Amino acid sequence: MTSSSDRIFSASSSQITTSFNKGNVNTHLEDTMSASVAVYRNIYTEDRFRQSYGTEDKPRGGGQRFREKIAERCRCSRAACLHLLRERIPIFNWLPKYRLKKWMLGDTIAGLTVGILHIPQGMAFALLTSVAPIYGLYTSFFPVVLYMLFGTGRHVSTGTFAVVSLMTGSVVEQLVPTPLQLNSSSPEAADFEAQRIGVASAVALLSGIMMLCMFGLQLGFLSTYLSEPIVKAFTSAAAFHVTISQLQSMLGLRLPRHTGPFSLFKTLASVIENLPQTNMAELLTSLVCLAILVPVKEVNMRFRQYLRTPIPVEILTVIIATGVAYASSLDSNYDVQIVGHIPAGFPSPRMPALHKLPEIAGDTVAITFVGYAVSVSLAMIYADKHGYSIQPNQELLAHGISNTVSSLFTCFPSSATLATTNILESSGGFTQLSGLFTSLVVLIVLLLIGPLFYFLPKAVLACINVTSLRQMFLQFQDLPDLWRVSKIDFVVWLVTWLSVVVLNVDMGLAIGVVFSMMTVICRTQRAGCSVLGRASNTEIYRPLENHNKCYEVPGVKILTYNGPIYYGNRSFFREDMSRLLGLTPERIRSREKARKALEKREREAVSTVERGVANTSFSSENEFFKSETAESEVQAVLIDCSSVIFVDVAGARLFIQMCIECQKVGVCIYLANCNESVLRILTSSGLMNYMNPQHIFVTVHDAVMYIQQQKEQTPENTTTVWV
C-alpha cells in the first residue's frame, strides 16, 4: 500500500451549457449534469515515472546504430526497387490508378485550355527575360512534360512565371546589355540573341543543379523560411517591377533596361523623360489591347463558376493583332516593333554559357528559392483543397530535373505559375495528365504555327504581361485581415514590399527573409515569464494576470516561461525571474549574511551542548531567521517548463546560477513538465549537483502536493535544545 502522502485526490462538479450559432439559426442547448474527476495516484517525480512507465534503454553504440541505418537503406530487393521507382517517378504510381471515364474529359479540357494560354504568355514572359519569344515557347513545353513525370502536384501548371522571368532578365541585362543601335536582321543581332539565351540557359542549369543538390540533402523544408506574408508581399511588389518594365514596350520607346537598386524609379524616370518620343501607333495598339483584355479577364474571374472554360482572350488578341499588323504593315509604315522570325521545328540541344556560371551564382540562389517556394506553396494550396498530399523533397527533384534538362534546349528558368495553375484547377483538371495535352498544344505551335506570329506587335505581349498580374495586385486586399490577425506579420509584409519596390527584387527578398527571422528571434527573446495560480479544487494552473479568480499556493511561487531559454534571451529570463522572486543583490547579500551568522551560532550551540549546557541564544537566532523567511512568504519556487521547448548550454548554466542564488536566500527550486531534451541538457550540465533530483516532477500539481505535504510533515520548532 502507498501512504496517503503519496496520493493526489481532486474532484470537481460543474454545469455544462453549450450554445451553437449558425447563420440566422440559433440553437441553445442546456444540459445540467454532475461531472466529477477523481485522480487517486502516486506523486510522480521524473525518475519514479520513468522507472514505472519508461522504456528500457538498449545500450548500443552510436556507430552500431549508424551502421544499421546504412545497411537498412542499402538493402536491395525487388519490392524496395519498385517502391523507390514509384516514389521518385510518381507517374508510375498514379497512372495505373487513373480513372479513365471520370478524369479524362476534365484533364483534356483543362490541359488544352492551359496550353492555349501558354502560347501568348510564353512569348510575353520571354520579353521579361530579355530573350526572343521563341524561347518562351520552348520553356512552356519541356518543363511541362518533365513535371508530369516527376511532380506530385496534381493541379500544378509549370512553365514561364513573371517574377522568375523578371529576375532572370535582370541577370541577362547585367551580363549582356542591349546595344543602343542594333539592326534586327544583321548577323550581330543573331549573335547577340545567342549570348542572351546562353546566359538565361546557364541560370536555368545552375538553378536545376542547386535544386538537385537540395534534394540530395533533403532540404525541402527550406521553403518554409519564405513565409506566406513574404511570398505575397514579394510577388505583389515584383508585379510593380514587371508593369514598369513593360511601359517602354507599350509606348514604343527604345530604352536601355535598368538593373540594380532603385531600378524601378530609374526606369520610370527614363520613361517619363522620353514620353515625347512615344510611338502613337504602339500606344494606340496597347490601349485597344488593354480595353479588350481587362474586361474579358474580369468576366472570366467573376463568372468562372458558370463558364466551363475561361474565354481564351489572350490567344484571340494575339491572332487578331497579328492579322491587323500584317494587313496594315504596321512595322514598315508606323515603325511598330514586332516579334519577327519564329523558327519552326524542335530546338537542337545546346550547351548554356558555362563560363558565366561564377558570375550568375549569387543571383541564381535567389531565383532558385523564389521559384521553388512559389511552386511548393501553390502545390500545397491545391493539395489541401482537394485532399491529397505532396512531397516537398520530391518537388525539388521534379523542378531540378525540369530546369536542368530544359536548359540544354535553350530554355530559361521555369516554375509553377499562378494564373495557369488557377485556370487548370477551375477548368476541371484532376491529375498531372493534363500536362500532356498542354504540351501537345505548345508542340503544334512550335512545329507548325509559330512562324505565323512574325507580325505580332511586342506591345500586345507587353499588355498580356501586365494584365496577367491581376492576382498579384489583388493581394493588397489581404492587408486588413493580416493587420487584424497579426500585426507582426503585417509589418513583415510591409517591409518586404517596400524593400522589393525601393531596392530590387533579389535584395528586397533577402531583406524580407532576414527581417522575418529577426521578428521570430525577438519574440523568443521577450517571451515573458508569468506567475501561475491554482483554480480552486482542481489541478489546473493558469497565469494570474489573465485569471484573477485563481490563487497563489501559499509559500510557493509557480513560474512559467513561454519560450526557449538560450544565449539570446538568458538575460531577459534572468531579469524576469529576479523581478518576480525579488532576488535583488541586496537581498541575496543580507540573507547570505544571516545564514552565515546562523551557521556560526549553530556551531557554538553544538559545542555548548557537548559541554552539557543549553544555548537559548541559538534558538532565538533560529526563530529570527525563520521569521524573516515567513515575511517573504516564498519558501519554494516551482518552474513549469512545459513551454520551454529547448535549452542550450548558456540557459543550463543560468539554471545553475538561479539555483545557487535561491539557496542563498533559503528558497528551494522545483521543476515540472520538462521534456526529455531539456531534462537531458540540464542533467548533463551538472544541475543535479545543486538541486535534488527528486525535486523534478511530471506535472505542476505533483510538485505542489509534494511541497505542501513536506510542510505538513515538518515538526514544530522548539524554543530550546536539551541534551
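Yeah, the Cβs are placed from backbone N, Cα and C, and that goes for glycine too.
Note: TrEMBL annotation is automatic and uncurated.
Quick look at what TrEMBL annotates:
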- 546-707: domain 'STAS' (DOMAIN)
- 103-119: transmembrane segment (TRANSMEM)
- 125-149: transmembrane segment (TRANSMEM)
- 156-177: transmembrane segment (TRANSMEM)
- 197-221: transmembrane segment (TRANSMEM)
- 306-327: transmembrane segment (TRANSMEM)
- 360-383: transmembrane segment (TRANSMEM)
- 436-456: transmembrane segment (TRANSMEM)
- 490-516: transmembrane segment (TRANSMEM)
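Within the same chain, residues 163, 166-167, 170, 225-227, 229-230, 232-234, 236-238, 240-241, 259-265, 363, 366-367, 369-370, 479, 482-483 sit at least 6 positions outside the transmembrane segment (490-516) and bring their C-beta atoms closer than 8 Å to a C-beta of that stretch. For the transmembrane segment (103-119), the most Cβ-contacting stretch among 125-149, 156-177, 197-221, 360-383, 436-456 is 436-456 (pairs under 8 Å). The domain 'STAS' (546-707) scores a mean pLDDT of 79 in the predicted structure. When each of the listed stretches 125-149, 156-177, 197-221, 436-456 is scored by C-beta pairs under 8 angstroms to the transmembrane segment (360-383), 156-177 comes out highest. Proximity of distant same-chain residues to the transmembrane segment (197-221), defined by a Cβ-Cβ separation under 8 Å and at least 6 residues beyond the stretch ends, is recorded for 129-132, 135, 168, 171-172, 175-176, 350, 352-354, 356-357, 360-361, 363-365, 367-368, 371-372, 376, 391-397, 399-408, 410-414.
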